[in-house]
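Colleague: Got a structure for you, questions after.
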Amino acid sequence: MTVSPTSAPTQAIDTVERAATTPDEPQPFGELGLKDDEYQRIREILGRRPTDTELAMYSVMWSEHCSYKSSKVHLRYFGETTTDEMRAGMLAGIGENAGVVDIGDGWAVTFKVESHNHPSYVEPYQGAATGVGGIVRDIMAMGARPVAVMDQLRFGAADAPDTRRVLDGVVRGIGGYGNSLGLPNIGGETVFDACYAGNPLVNAMCVGVLRQEDLHMAFASGTGNKIILFGARTGLDGIGGVSVLASDTFDAENSRKKLPSVQVGDPFMEKVLIECCLELYAGGLVVGIQDLGGAGLACATSELASAGDGGMEVRLEAVPLRTAGMTPAEVLCSESQERMCAVVTPENVDAFLAVCRKWDVLATVIGEVTDGDRLRITWHGQTVVDVPPRTVAHEGPVYQRPLARPDTQDALNADSSARLPRPATGAELRATLLALLGSPHLCSRAFITEQYDRYVRGNTVLAEHADGGVLRVDETTGRGIAVSTDASGRYTMLDPYAGAQLALAEAYRNVAVTGATPVAVTNCLNFGSPEDPAVMWQFAQAVRGLADGCVALGIPVTGGNVSFYNQTGSAAILPTPVVGVLGVLDDVSRRLPTALGAEPGETLMLLGETRDEFDGSVWAQVTADHLGGLPPKVDLAREKLLAEVLRAASRDGLVSAAHDLSEGGLAQAVVEAALAGETGCRIVLPEDADPFVTLFSESAGRVLVAVPRTEESRFRSMCEARGLPAVRIGVVDQASDEVEVQGLFTVPLAELRQTSESVLPRLFG
């Protein structure tokens, strides 16, 4: 059903004039999520009570999701620690729809991660699908063509009854939306832990490519310029959606009742919207642009107006509707998907509308930029909003929430995994390898990733099973990018500062093992309730750890997202800072794959230092359901050195494959690389080393590399000259069909593959 945008109002409207003459009329501000002092502040700003529409607008824009009111005081640390040298390649940063980075030759890349956690529990398919759609529009709004997506997923225990429902819907939603858009899904993570039952994490990343001169920003300037809403019609879906769902906690009884707040996506509408936007940009028809996501038009109009040099007037009745009888507040705050808002000069309006007609995209002039400093919104000639736009979009409440290191932290850190019994014999070590590989934590993700198209558009160079996704940007020069996202809630629980740095280090290392140079960071910080001092301590520590880590590595945070209230009842999730890193390759033909066997008789070498570090490890989780102690040591200077060596080795052809060591340690890395290359190998452990520690330690800053026999001496010399530990630990044997750890055990590749690939189909197939 479509509804004429000129449908007359059918009920009395609370206008600004009426609000001024009825100061004592009760208003349901508490039901909309506003606290009493916040409501009183709105009255002070306006000099009267707000209209119903203004109240709705302030409530969504001052929500935790939109205003960052609990996190802003800590997030400032990113800007305070970013040096001019770190900013040198950044074309747009924190505060924009997405960060934009110069990658050379006139090209730029924009990338960002956002959460859609709470909607994805309430309605998994639409929650995940619209999460992809929303982050894609953020990228479109910067003037870029979206070229790839990635995802970070966290679910409850793999064998928990509700995990099947949530995982099935989320994976189908991501695949259904991304595949329909023609965007390759080039990587990510899927993690299972009981703490995410009832509160999954669905963090979607999108990457876009643009020429630097095509960069667009979100601002409304130029008196008389027109405001054009284009894309899908506006309906009731998503009323109080992500802006409210992401600002509240779940409980087991009422979560399913929130279904109407989840948006409904149409990827085919978004596909034509992408092409329409790109043609509008190419024609020079856009002054400023903003996507409509959380808080809908309330957000788009207030952000555009507050970022410009004037005011704005909007005629809300002009908005094309698909549902009859919507109130002004509903139209303003609807989170219906696949919509954009553009600022266009009067002389370009006809050309703009013509492009939209070509792509069968509905476009409507709904207002204009004014020379004042107010955002005025009318409904059939009656003023329902008259506000200073910055007070809505940027000057909401800011809280210095109490924070306190938990009383339980000392006991948690004292409970080391060192007390757990360890395997010693060859048979026990073999059984441990298979137990980890056959657990939901380390098994193959093919059951999930094969539902995504990884190679559509033809520019994917590396995807799953590689550590980082690699895309070709310029077909002539071979210039490309590498992207990775990583997180570890277990490490962050043990030490939030170090845990955030470990996530950063792993994402940085995953980009480096492709041969790329890491250049920029984005993040999505998933935590429990900000009203819990222990959670705020975790959050503050993680932010400082991430910011200090970026300084040590010399790469900037370009933007990000905060998701609070990730808890069910009073039980918070593990603190989960997701970190995305972008890298640049001069020539993607020199990228380093994960798979062994590219060269006959490759030498296997382990780069970095292995220590006895099992606290927070997958081994401790699988064998004893244990979480305690201290996370692995972080050495960011060593990570930087490791990246430099890998880049030089890739450039000079000294390494034929590389694979990051993380969960499951060396044993898991060897198995994954051998299975990817469908080739056997023989591992020879150092004589003076503890086999268990060498095989399963999760020490950071390590990489397994395959070195062509003819280059072993040169590569060793390079590592020695730079002070990077490099130990020969085996050889690739293309004639073999097994992984052998000499003197300890042997496992056929077929058994490894069956063990790894059978787990998720058994649980969720």
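In case you wondered, yes, glycine gets a Cβ from its N, Cα and C as well.
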Colleague: Please identify the range among 1-32, 449-480 that Swiss-Prot labels region 'Disordered'.
Modeller: 1-32
Colleague: Looking at the substrate binding annotation from Swiss-Prot, with Ser115, His116, Asn117, His118, Arg137, Glu335, Ser336, Gln337, Ser563 already listed, which candidate in Gln263, Gln400, Gln501, Gln621 is the matching residue?
Modeller: Gln263
Colleague: Quick check on the annotation: Swiss-Prot has Tyr68, Lys112, Asn523 binding ATP, so which of Gly33, Gly156, Gly489, Gly560 does it put in that site too?
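Modeller: Answer, per Swiss-Prot (ATP site with Tyr68, Lys112, Asn523), from Gly33, Gly156, Gly489, Gly560: Gly560.
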Colleague: Taking only C-alpha atoms and a 10 A limit, tell me which of Tyr68, Asp138, Asn561 are near Ser115 (substrate binding site). These are the binding-site residues.
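Modeller: Near Ser115 (substrate binding site) by Cα: Asn561.
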Colleague: Counting distance between Cα atoms, which of the recorded positions His65, Asp291, Glu335, Asn561 is nearest Lys112 (ATP binding site)?
Modeller: Asn561
Colleague: Based on Cα coordinates, which of the following binding-site residues are within 10 Å of His65 (active site): Arg137, Gln337, Asn561?
Modeller: Asn561
Colleague: Return the residues near Asp291 (Mg(2+) 2 binding site) by Cβ distance under 8 Å, restricted to its own chain and a separation of at least 6 in sequence.
Modeller: Asn97, Gly134, Arg137, Asp138, Met140, Ala141, Ala300, Arg339, Met340, Cys341
Colleague: Would you list, in sequence order, the residues of this chain other than Tyr68, Lys112, Asn523, Gly560 that have their CB within 8 A of the centroid of the site's CB atoms, where the site is the one recorded for ATP?
Modeller: Leu75, Ile94, Val113, Glu114, Thr522, Cys524, Leu525, Val557, Gly559, Asn561, Val562
Colleague: With Glu114 (Mg(2+) 1 binding site) as the reference Cα, tell me which of the binding-site residues Tyr68, Glu335, Gln337, Asn523 is the closest one.
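Modeller: With Cα distances computed to Glu114 (Mg(2+) 1 binding site), the winner among Tyr68, Glu335, Gln337, Asn523 is Asn523.
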Colleague: Going by Cα-Cα distance, pick out whichever of the binding-site residues Tyr68, Asn523, Asn561 is nearest to Gln337 (substrate binding site).
Modeller: Asn561
Colleague: Find the longest CA to CA distance in the recorded ATP-binding set Tyr68, Lys112, Asn523, Gly560; express it in Å as a whole number.
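Modeller: Looking at Tyr68, Lys112, Asn523, Gly560 as a set, their Cα atoms extend up to 17 Å apart.
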